[in-house]
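Student: What Swiss-Prot shows for this protein is this:
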COMPBIAS  184-196  compositional bias 'Polar residues'
TOPO_DOM  110-115  topological domain 'Mitochondrial matrix'
TOPO_DOM  133-205  topological domain 'Mitochondrial intermembrane'
TRANSMEM  91-109  transmembrane segment
TRANSMEM  116-132  transmembrane segment
Amino acid sequence: MRWWPWSNQTEDQKQQQQPQGKADGDRVLTNYSRGQKILLEDTPPKFADDLSNSQLAKKQERATLKEAWDSIRWSDFSLQKLTSIPCFRDAGMLGFSSMFLMGSIIFIYHKSPTKATNWAMSSLILGSIVGWEQCRLKRQKSFQIAQLAKETVAKKEKPMLHNVPHDPSLPGQWEAAKNEKQSQFEQSNQNLSQASSEKKWYKFW
């Protein structure tokens, strides 16, 4: 370091700055050669990367599950809330129908209330699952058809957005063709009237 006579720094401050410069120089890559490209993976990380991506994902998943569990209330299980679920009605109708039907058949055939109850509950669960899946597939298919229709309409060319060129001679041509048709119709009517007047109304046998 060049000595400057009018410098305000003391010798102690200069000695303290020299180790700092050495420490800063130690952070620089020592195996660097002139013209060499330094990649990002060769440099030390700027931020602490203690948690991996999988650990962060698990942590976020736990937080999401905790928020979902805390958001559950007893009022969510009311009849009004349950009937507002899209496929709850179809699943309930098919499940209860299967329960009554299978329970009645098993009770009539085996005369055992326990066996009939077991079969009825099993039929309720299976029927509800089948009804729910049928309703879900129908809704999914209808959503796909609606999305396809939206995409088809969006891809269509909108003619009203562009100026359509009009030929000024077209109205005159239409009028001329209309007058010509009118004159031909009148001429044919006159010919028919003349032919009918010239034809005799009596006939010799």
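Each residue's number is its place along the chain shown, starting with 1.
Even glycines carry a Cβ here, placed using N, Cα and C.
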Student: Can you tell me the mean pLDDT for the topological domain 'Mitochondrial matrix' (110-115)?
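Tutor: Overall, the topological domain 'Mitochondrial matrix' (110-115) comes to a mean pLDDT of 90.
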Student: Residues sitting near the topological domain 'Mitochondrial matrix' (110-115): Cβ under 8 Å, six or more positions beyond its termini, same chain?
Tutor: none
Student: Which residue counts does DSSP give the compositional bias 'Polar residues' (184-196) for helix, strand and coil?
Tutor: 13 helix, 0 strand, 0 coil
Student: Per DSSP, what is the helix/strand/coil residue tally across the topological domain 'Mitochondrial matrix' (110-115)?
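Tutor: With helix first, then strand, then coil, the topological domain 'Mitochondrial matrix' (110-115) has 4 helix, 0 strand, 2 coil.
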